[in-house]
Amino acid sequence: MYSSIAPLILLASSCLLIFNTTPLVESSNVRDLHKRSFASLGCLGVYNKATFARLSRVCEDCYQMYRDDDLHGLCRSNCFNNEYFKKCLEALLLSHEKEKFDEMVMDLYGKK
């Protein structure tokens, strides 16, 4: 009885060991990807991962709501400093936080 379970336990242990020691994604590659995306959107301010992720999330949620393929890119264009982003804030009922989002956009946009 125990002889048939032992190989399964060994296999499960090996899988867990490999899973725990192998990184799923190289963190520096992810950071570089975000920074490239940051620059490609025309952002000239200081890169802040949390702020960039929050603004990107607004555009992603807006896309999920409308399922318009162009909307995600238009919302992010000009480093989120555009009317599409503002309309997405309204659609997502985030207008009450407009000043906070405006400040985040300007921090990333870099032109005041």
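Every residue gets a Cβ built from N, Cα and C, even glycine.
In TrEMBL, the cysteine linked to C62 by a disulfide bond, out of C15, C88, is C88.
Candidates considered were C43, C59. The record in TrEMBL pairs C79 in a disulfide bond with C43.
Checking the disulfide-bonded residues (C43, C59, C75, C79) against C88 (disulfide bond) with a 10 Å Cα-Cα cut-off leaves C59, C75.
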